[in-house]
C-alpha cells in the first residue's frame with residue numbers, strides 16, 4: 001500500500017536552502033518498518049479525506065515519495081507502566097495560527113503530527129491567542145483555525161493541551177513572532193496607560209493587563225476578569241464535543257508568557273540575564289491598592305510606592321539596599337511590601353481559576369497553571385529575582401507553598417519550567433540553582449497535594465537535558481511529574497540526532513524513567529534512523545518536517 005502526500009508548503013526555510021521547490025512540486029518517500037498487525041494511512045490532497053485501514057498481512061511498507069529525502073520512522077511500541085508513565089506533549093510553534101486567522105502551513109503541520117505520533121508522543125500544546133481570536137472586537141470570536149487544528153490532532157490519534165493565552169507574544173526570551181493584545185484592547189490601553197504594568201521609572205509593559213484593575217469595567221464596560229471568563233466560555237461552547245477526548249487539558253493564562261507572575265524581567269524594557277528585574281507596582285491601580293493596605297495597618301508612609309532602594313533591571317542583589325544580604329527585604333517594611341505584592345498575585349490567579357473551574361468543571365479536561373522557573377540569584381539570601389516577579393521566596397520564607405495551596409484548592413495542575421537545567425551548566429556569577437528550585441517546588445506541591453507537571457524553559461535537543469528531565473520526573477526524586485511538555489516543535493527537532501534523542505526520551509518517560517538507548521538504524525523496526533539523500537541539482541539539500 002502507498003501513501004502519497006502533496007503539499008504547497010515547504011518544510012524548510014527557503015532562504016536557507018535556496019533550491020527547495022514549493023512542496024506541491026516535491027515528491028518524497030517515507031518508509032515505515034514492518035509491523036504486526038500493520039496499518040495503512042492514506043493522506044490525500046487538501047480536497048480529499050484521509051483514510052486509515054487495517055491490513056491482514058503481517059509485512060507492510062507504507063511509502064510517501066519525496067524528492068531528495070528518505071525518512072525512516074519506526075513503529076514505537078509503548079508498553080507503558082501506567083503507574084509510572086509520564087506522558088510527553090510537544091508545544092506547537094507560536095505562530096501555528098496566523099495573524100489572518102488561518103492555520104499556518106497545514107500540510108507541514110499534518111506531516112509533523114504524523115511523525116510525533118510515530119514517536120509515541122501523547123499530544124501537542126497550542127496557544128489560543130486572545131490577540132487573534134477576539135481580534136475583530138469585543139465578544140467577536142474566530143475559532144476556525146483552531147477547529148481545523150483540533151480535527152487534525154484527532155485524526156492522528158493525539159491529545160491536545162490548549163493555553164488560554166491572554167498575554168502578548170513578543171518581547172521575551174524565545175518569542176519568535178509578534179502577536180499583540182486585541183486591537184480594541186490596545187486602543188483602551190492607549191487611552192488609559194495605567195491598564196498595564198508599570199515600573200518605578202514609568203516604563204509601561206503592554207504584555208498583559210495589570211491585575212490592579214481585574215474587577216474594574218475598564219475594557220469597554222467589562223472587567224478583565226469578565227473578558228477572560230467570556231473568552232473561556234466561548235472556547236468551551238465551540239469545542240464541547242472534543243473536551244475530554246481530544247482536548248484533555250486547558251492551561252489558564254495568568255500573566256506574561258502565560259505564567260502567574262509579574263513582567264519583572266522584560267527584554268523589551270532593557271532587561272538582560274542575570275539581572276534582578278524590577279517591581280511592577282506603579283500603575284495607578286496597584287498604587288491605590290498598596291496605599292490602602294498600608295493605611296489599614298497604620299503605616300501610611302509605606303503606601304507611597306514600592307521600595308526606593310530596589311535597584312534597576314540589570315543590577316545584582318548586592319548592588320542594592322533592598323536585596324543585599326542584610327537588606328531591607330528582611331525588615332518589617334520589607335515583609336509588609338513583599339506580602340502585599342505576592343498576595344495580590346496569588347489572589348489574581350485564584351479569581352481567574354474560580355471562573356475557569358466553573359466553566360470547565362464538567363467537561364472532562366484538566367486545568368493547569370504555569371509558574372516560572374526563576375533560578376538566577378536563587379542562592380542569594382533574598383532570592384531577588386523571584387521577589388520582583390511576585391514569588392515571596394527567600395532564605396527564610398517559602399514562596400511556592402501559597403501558590404501550590406491555591407492551585408490545590410481548585411484541583412489545578414502546577415506546571416513548572418526549567419526541568420531540564422543543571423546547576424553546573426549555569427554561569428557562576430549568576431548564583432543559579434535550577435535544581436535546588438525544582439526540588440523546593442516538588443516539596444511544596446507534594447505537601448499541598450497538587451499534581452506537578454513540567455516543561456523545559458529553553459530549547460534543548462541534547463541528551464544531557466533529556467536526562468535531567470528524566471531524573472526530576474521520577475517519583476523517587478520527591479514528587480513525580482504527571483506530564484511533561486517539550487518546548488518546542490520546529491525544524492531542528494526533526495533533524496537526525498535531535499529526533500533520535502526525542503524518541504529515546506519519550507520511550508524512557510513511558511517506562512518510568514528507565515533509559516534505553518536507540519541504535520543508528522531501524523533494521524529491527526524499533527529504533528530510529530533519519531537519513532538524507534543528497535540532491536542531484538546544484539547543491540545538497542536537507543529537508544525536515546515542520
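Here the Cβ of each residue, glycine as well, is placed from N, Cα and C on the backbone.
Taken from TrEMBL, the feature substrate binding site applies to 127, 167, 175, 370, 375, 417, 456, 457, 488. For 259, the entry in TrEMBL reads active site, proton donor. Residues annotated as active site, proton acceptor in TrEMBL: 455.
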Alpha-carbon spacing, residue 375 (substrate binding site) to residue 455 (active site, proton acceptor), which is rounded to whole Å: 14
Of 127, 175 (the binding-site residues), the residue whose Cβ has the fewest other Cβ atoms within 10 Å: 175
Cβ-Cβ neighbours of the residue listed as 'active site, proton donor' (radius 10 Å): 23
Nearest-integer angstrom distance between the alpha carbons (Cα) of the residue listed as 'active site, proton donor' and residue 456 (substrate binding site): 14
Residues 127, 167, 175, 370, 375, 417, 456, 457, 488 [recorded substrate binders]: greatest CA to CA distance in Å: 25
Lowest local Cβ density (other Cβ within 10 Å) among binding-site residues: 375, 488: 488
